[in-house]
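If you look up Swiss-Prot, you'll see 151 marked as active site, proton acceptor, on the strength of similarity to another entry. Look at Swiss-Prot and you will find 10-33 tagged as NAD(+) binding site, backed by similarity to another entry. Taken from Swiss-Prot, the feature substrate binding site covers 138.
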């Protein structure tokens, strides 16, 4: 999917990977970039607007843990303004295994709820035009960082739900793929808590491994958007982009 002249909603588009990805998206010339984030950052929005004055960048405060009905109201406002939306990026995430309920609420439930809300506007069974969803998951959805089992499990759940969305595309008209970054230098990984303090130095130890910059990740994210492959499981690690094959150990046959 060419980004040029498209209308894009980016949930958590002002975070570490999110903000660099927003920059790269704006450079590609969408018609509208709507950023939904919990904390307003006027300086960041101003930077995005200055980067490409031909792109309309707007911001709405949004907490992904609100009920689906509240999300639907916000999306109604956006659809009333833009008329059409081509791409939804779900990027909200926290890494802190002290906060068990919130980790699950943000990393998994919030992604599912935002997706459920936008289906009211996209689902072809309701006369919608369809759309594309890109969910930011994590390589920990493939293999856990065992010191942060809550975070890893939440990302595995988000990945699994994204794979299911892709399979449902013939029914809903909505395609989906996952973005799974490896260890990336962002504020998220500089300091975080392991579950029950099983490894107090987990953040420090993790950063001893090879990493990538958030810019490298963002540039490959844009390549994945442009590839627009329904069901793709993209691994963005060490500055590379790779579509991985999901190993099937069981099939429902339905």
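Every residue gets a Cβ built from N, Cα and C, even glycine.
Where Swiss-Prot records a feature, it is marked here on the structure.
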residue	record	Cβ within 10 Å
10	NAD(+) binding site	26
13	NAD(+) binding site	27
16	NAD(+) binding site	22
19	NAD(+) binding site	23
22	NAD(+) binding site	28
25	NAD(+) binding site	27
28	NAD(+) binding site	18
31	NAD(+) binding site	16
138	substrate binding site	26
151	active site, proton acceptor	28
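Recorded residues residue 28 (NAD(+) binding site) and residue 138 (substrate binding site) have their alpha carbons 24 Å apart, per Cα-Cα distance. In this structure the alpha carbons, written CA, of residue 151 (active site, proton acceptor) and the residue listed as 'substrate binding site' are 10 Å apart.
Comparing residue 10 (NAD(+) binding site) with the residue listed as 'substrate binding site', their Cα atoms are 17 Å apart once rounded.
In this structure, the CA atom of residue 16 (NAD(+) binding site) is 14 Å away from the CA atom of residue 138 (substrate binding site).
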